[in-house]
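Asker: Below are the C-alpha cells for one structure; questions will follow.
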C-alpha cells in the first residue's frame, strides 16, 4: 500500500507538470484568441459569442459532473482490472448519451417554437435572427460532436494519463484560430455565427481524431450495466450540482451584466476575466491532479496522512500563486491594454478586484476537492449553493446601485471568502485540516524556497 502511495505521489508530481504545461498552452491560445477578437469584432458580436460559449460551458459542466468525479472515485484503487473499467466506461457513455439526447430534444422543441413566438409577438424577428435560432442550431450540433473528445479526456483522467488530455483543448483552440484567420481573410469581418461554426468544426475534428486512435473507447458503449450507471448517477447528482453552480458563479455575472447593461458590457468584463486565467489555469491544472491521491488516502483510512498532504498541496499552491495575484493587481492597466487594446479602460478596476479574490482561489478550490475526496460531495454542493446565493444577491444589488461591471467584480471577493471559510469548516468533522495550518505550511515552504535561493546566490 505504501509503495502504491509513493508511486501515486511521483505520478501526481509528473502529471501536475504535464497538466500545467497543457493548460498553460491552452490559456495562452485563449488570450491570443481574445486579443484578436476584441480588436476584429464589434463589442455586440463579441458579447453574443461570449454568451454562447458561457451556455455551452454550462452544459459541458453538467455532462462532465455526472461522469468524471464518480468515475475517478470508483476506479481510483482498481487500476489493473480492465474488465471492470470497461463496464464503467460503457456506463459513462450511456449516461452521457442520455443527458445529451435530453438536451437535443429540449432545445429542438425551443427551435421549433421560435417561429410561433415571433408570430405571436413574444419575440422580435431581429432578436431571433441575431441571437436565437442560429445559435441554438450550432449549440445542438456542438453538444453531439463534442462527445468523443470529452469522453476521451474523462477516461484518460481516470487512468491518470494527463499527457494526451493536454493535447485536446489546445488542439481545438488552434484549429479555431486557423478558421478565424480564414474567416477574416475571406469576409474581412468576423461575426458571432462564424465563431459558432468554427468552434463546432474544430471540436468535431478533434473528436474524429480521438475516435480513430480509440481514445474515446466508443467500442465499450454496451459494456455498462445498471449497477455502474446507478453508482455514477448517485455520486454525479451531487458532483454535477457542485460543478454547475461553480460555473454559474462566473456565468451568473455574465448573464446578469448582459441583461442589465447589454452585450457590450459583457466584453468589458470578459477581458479581465480571461486575464484571471493567470491564476485559475495553474490552480485547475494542479488541483485536478491531486484528486486521485487524496481519494486513495481516504479510502485506505489514512486520515492523518490525508491532512498532511492536503495542507502541503493547498499551502504550496497558495504561496506560489500569491505573487501572480499581486503582480496582476499592480500592473492591471498595462495588462488590460495589452490584451484588449484601447477602449477597455473600465476593465482595469475589474481586474484589480479579480486579483484580490484570486489570492483566495487556490485555498477555496482545495477545500472543494477535499470534500469530494472525503466522500462528501453533498457538503461541497451546499458550500457552492451558499456562494452562488451570495454572488447573485450581491450582483443584483451592485448593478441596481452602481450600474457598473466593476461593482460586480467586487462582489466576487465576498463570494470566494464565504466559500473559503465554509469549505474548511465543513471538512473539519471528517479530517484534521484547517485554513491557518494550510497557510502556515505555505509560508514555511515559501520561506524555505527564498532561503535556498539566497544561499545559491551567496555561493
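Cβ coordinates are placed from backbone N, Cα and C, and glycine is handled just like the others.
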Asker: Looking at 93-115, 231-253, which one is transmembrane segment according to TrEMBL?
Answerer: 93-115
Asker: Using TrEMBL as the reference, determine which range in 284-303, 344-363 is annotated transmembrane segment.
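Answerer: Based on what TrEMBL states, transmembrane segment spans 344-363.
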Asker: Looking at the candidate ranges 408-424, 425-441, report the one that TrEMBL labels transmembrane segment.
Answerer: 408-424
Asker: Applying the under-8 angstroms CB criterion, which one of 135-155, 193-213, 313-332 scores highest with the transmembrane segment (46-72)?
Answerer: 135-155
Asker: With Cβ-Cβ distances below 8 Å as the criterion, list the same-chain residues six or more beyond the ends of the transmembrane segment (193-213) that contact it, or say none.
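Answerer: Sequence-remote neighbours of the transmembrane segment (193-213) are 37, 49, 52-53, 134-135, 138-139, 141-142, 145-149, 151-152, 168, 171-173, 175-176, 179-180, 183, 187.
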Asker: For the transmembrane segment (384-402), give me same-chain residues lying six or more residues beyond its boundaries with a C-beta closer than 8 angstroms to one of its C-beta atoms, as numbers and ranges.
Answerer: 241-242, 245-246, 248-249, 252-253, 256-257, 260-261, 368, 408, 410-412, 414-416, 418-419, 422
Asker: Among 20-40, 93-115, 167-187, 344-363, 408-424, which stretch has the most Cβ pairs under 8 Å to the transmembrane segment (313-332)?
Answerer: 344-363
Asker: Select the range from 20-40, 93-115, 167-187, 408-424 that forms the most Cβ-Cβ pairs under 8 Å with the transmembrane segment (344-363).
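Answerer: Stretch with maximum Cβ contacts: 408-424.
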